[in-house]
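Listed features, source TrEMBL:
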type	residues	note
DOMAIN	115-240	domain 'Type II secretion system protein GspF'
TRANSMEM	6-29	transmembrane segment
TRANSMEM	55-73	transmembrane segment
TRANSMEM	79-96	transmembrane segment
TRANSMEM	223-242	transmembrane segment
TRANSMEM	248-269	transmembrane segment
Amino acid sequence: MNVLLILGVIFLSLVTASYFVLSMTAVTAQRVSESVSEKTDTHLRKLYVFADTRRLFLIYVLVLIGVPVLLLLSGQTLPIAMIVLLAIALLPRWVMNRMAQRRRKLINEALPDSLAQISGSMRAGSTLTTSIQAMVEEQGGPIAQEFAHLLKEQRVGLRFDEALDNLAERVQSEEMDLVVSAAMIAQDVGGNLAETFSRLSETIRRKIEMEGKIRALTAQGILQGRVVSALPFMIMGALLFIEREAMQYIYTGLLGWIFLLVIIVLQLLGGITIRKIVTIDV
């Protein structure tokens, strides 16, 4: 009787503990999902991409777990599954960074013409707000979206300098920071804003042209660095498919893992060094 009572108490304790653990796990998973979805939604809204982030997060988790499991079930080795898992884990951040860079590039390239158009409208007698509105209707694209957002913030009661700060924070480029700083200084000290925008337009245009020439001159070095950095991993991947039995010693013993770690560290150092050499700030 005592034994049954003890077993019953142990069973109830285990059930209760399991319930609390599962409840805490579910709550934690929900909080993580909400946090990631909120941050992703913020980043996507800055890129003017509107999507159901909760559904995207669910698809991402399923792919993150499902693809490596399918690879293991199909007979692939654990290192390959781990590499695919790491690639899938880093893919969303890389995609969003590339989208942000592309959008920033489009804005910077359109900025000189936009500033010249605003400057011309102001010289013709229009106000700054009217000139920006005309530019938005004329230009289109990412830069029109950003300046249209600035006008919307101003209409709902935000001060012009605060709207400019928000614009600089959203775009996050040196060119836009220069425009915002010049506009705020000209507004505070009462300078000729049309002339300021005209000079900024020419300055930014020359800066973009110089950056293009530098990229053309350093393109070969950047390509060589990428090829050299990827070559060891490409060879290793090919040998894993061709000579799997011979390559298994690399990831089955401690010496092999140390060897892989040394390769990765040296490749990272080499890639950073090449990037520092070919990167020139204008």
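Just so you know, glycine gets a Cβ as well, placed from its N, Cα and C.
Where the annotation comes from TrEMBL, it is an automatic prediction and has not been curated.
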Secondary structure content of the domain 'Type II secretion system protein GspF' (115-240), with strand meaning DSSP E or B: 112 helix, 0 strand, 14 coil
Integer mean pLDDT for the domain 'Type II secretion system protein GspF' (115-240): 84
